[in-house]
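Below is one structure, written out as structure tokens; comments come after it.
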2 protein chains.
Amino acid sequence: MEQAFFKDEKSHKGLLIVISGPSGSGKGTVLSRVFERRTGLFYSVSATTRAPRPGEINGQHYYFLTREEFEEKIKAGGMLEYAQYCGNYYGTPRRAVEEKRAGGLDVVLEIEVQGAALVKKACPDCVTIFIAPPSKEELERRLRGRGTEDDEVIKKRLETAVSEIEHAFDYDYIVVNDEVEKAAEKIDSIITAEKCRSSKYKGL
Amino acid sequence: MEQAFFKDEKSHKGLLIVISGPSGSGKGTVLSRVFERRTGLFYSVSATTRAPRPGEINGQHYYFLTREEFEEKIKAGGMLEYAQYCGNYYGTPRRAVEEKRAGGLDVVLEIEVQGAALVKKACPDCVTIFIAPPSKEELERRLRGRGTEDDEVIKKRLETAVSEIEHAFDYDYIVVNDEVEKAAEKIDSIITAEKCRSSKYKGL
């Protein structure tokens with residue numbers, strides 16, 4: 001057995017990576033590429049009390065809970081963060097996050113701006129990344145490109161996106177998604193870099 | 001002209017990257033690979049009052065200055081940091097660092113532990129990376145592998161290296177060099193990640 005100077009990387013606790021991005025940021029596509037690029041990631045599935053939409057699978061898109069189940073979980077400290085939107089609860093189950101991190105996996109939370117702020121408070125060692133569209137015009141093109149929404153809906157989405165982008169500076173990192181592959185590479189690099197932080201090597 | 005949400009990356013100020021590593025860490029080889037892997041890096045050449053050794057070129061290995069020239073530069077605020085070892089001055093000329101950063105280049109300072117601490121004080125926005133050998137045994141093998149030194153010299157070098165490694169936690173990042181290519185990739189990722197810090201995107 002050789003006398004290592006630092007704790008073996010394999011024994012490090014996994015990162016908690018919090019990712020936000022407005023509608024039109026291309027967050028979903030970028031994240032898929034990040035999961036293809038690197039191993040050791042675990043995608044945290046949120047819980048909600050809203051009804052499943054057609055095609056949504058329990059445990060994959062969301063954990064679908066009753067209001068009673070959700071509130072029990074809150075009382076038992078089982079939610080890392082939660083909030084209500086349009087009369088429904090949304091939240092991050094704590095247990096999976098903690099178990100996967102303890103096992104060395106890097107946990108990815110895809111979450112909106114308010115939830116991200118709550119996670120940062122609960123877990124100050126988390127790494128927060130904001131994925132942004134490159135410009136207002138490109139954002140509008142992307143939102144229109146879907147071709148399914150009328151002008152009023154697009155205008156509303158654009159406004160919401162712009163107001164979310166104002167929170168970008170509260171995040172540790174900003175990744176401007178002008179090209180999916182480049183944006184995925186940046187997130188990949190951020191994860192690699194954060195695993196090299198000197199604090200991670202403390203203790204033998 | 002599209003309405004960008006954030007300052008264009010090309011207009012960001014370059015990073016100041018401070019890299020230390022003891023004799024036997026393989027720092028030189030790793031750094032060479034980093035310079036091959038990415039563009040936009042500028043290697044800062046130190047200044048010294050010691051005499052050039054055979055083969056050393058002024059402006060490439062060091063800027064060789066007289067004692068008077070060096071002290072004038074100190075007085076004029078021209079040194080980012082400096083120290084004396086064995087009766088000679090060693091230091092980092094400030095001007096090149098600031099000009100290259102202003103031009104968007106990422107400046108790399110290869111510097112020992114005391115100098116790195118001084119640079120961190122003078123430029124708190126610098127990024128500090130410590131390159132470490134994986135284990136005491138591997139360090140000794142590397143130092144012996146050169147085959148040029150006697151036991152006493154190697155013992156002394158090993159002691160110095162071990163005492164330097166104790167400062168690793170003062171750095172932002174630790175890169176354990178067990179494989180050159182992996183270590184270079186980590187440093188490459190750290191630079192990419194640091195360029196994504198939200199603070200870099202402030203101001204339009």
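Using N, Cα and C of the backbone, Cβ positions are placed for all residues, glycine too.
Feature annotation from TrEMBL assigns domain 'Guanylate kinase-like' to A:14-192. Across the domain 'Guanylate kinase-like' (A:14-192), mean pLDDT in this model comes to 94.
Reduced to three states, the DSSP call for A:Gly28 (ATP binding site) is helix. What TrEMBL records for A:Gly21, A:Pro22, A:Ser23, A:Gly24, A:Ser25, A:Gly26, A:Lys27, A:Gly28 is ATP binding site.
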For this session: Ten-angstrom check, please: count other Cβ atoms within 10 Å of the Cβ of A:Gly21 (ATP binding site), all chains counted.
Result: 27
Problem set entry | Candidate with sparsest Cβ neighbourhood (10 Å radius) among A:Ser23, A:Ser25, the listed binding-site residues | A:Ser23
